[in-house]
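Marked as active site, tele-AMP-histidine intermediate by TrEMBL: HIS124. What TrEMBL lists as domain 'HIT' is 30-139. The annotation region 'Disordered' is assigned in TrEMBL to 1-21. What TrEMBL lists as motif 'Histidine triad motif' is 122-126.
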Amino acid sequence: MAEIEAAQPAQVDVSKSSNGPAEGYEKKCIFCKIVNKEMGTELLHCDEVISCFRDIKPGAPQHYLIVPTKHVGNCKSLSKENLPLVKRMVETGKEILQKNNITDLNDVRFGFHWPPFCSVTHLHLHVLAPASQMGFMSRLFYRLNSYWFITADQLIELLNSKGDTN
């Protein structure tokens with residue numbers, strides 16, 4: 001996998017006030033633990049809805065995970081009502097990239113692993129840049145038009161096509 005550059009990415013708002021785990025917290029979920037600052041992982045962005053941190057096994061020079069701050073299941077469990085969340089995850093990913101001097105959004109990959117190919121069941125968007133510098137294994141793991149990876153645009157289109165939930 002590609003090495004991460006020595007320069008540290010710019011910090012984003014981390015002004016989350018928390019007195020411990022709250023509603024939407026799954027005690028066995030590693031991403032819930034990270035968001036609740038139990039793992040020592042640096043949060044690059046954290047607000048009431050979205051959190052962001054670096055992937056522990058980067059597939060590109062810049063590889064971030066954008067997660068809902070509250071536990072949400074994997075992308076297969078989403079409904080049309082989750083569209084605003086998914087769109088906000090994508091927008092947050094773009095903001096993180098821009099703060100880290102990635103301006104060519106044609107050379108990035110935004111996507112989700114499709115169940116059962118998820119290592120963590122907490123919804124998470126992979127943001128990889130530059131995609132042109134992904135190694136061989138990363139090109140397989142984050143491959144477009146595969147059974148195990150769906151782009152953010154494909155997920156948004158899928159959710160748009162679902163009927164309204166009541």
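Cβ atoms here come from the backbone N, Cα and C positions, even for glycine.
TrEMBL annotations: computationally assigned, not manually curated.
Counting only same-chain residues 6+ beyond the ends of the motif 'Histidine triad motif' (122-126), those with a CB under 8 A from a CB of the stretch are 26, 29-32, 55, 59, 63-68, 71-75, 78, 86, 89-90, 93, 109-113, 142, 152.
Computed over the motif 'Histidine triad motif' (122-126), the whole-number mean pLDDT of the model equals 97. Within 10 Å of the C-beta of HIS124 (active site, tele-AMP-histidine intermediate) we count 25 further C-beta atoms, all protein chains included. Helix, strand and coil counts from DSSP across the domain 'HIT' (30-139) read 39 helix, 24 strand, 47 coil.
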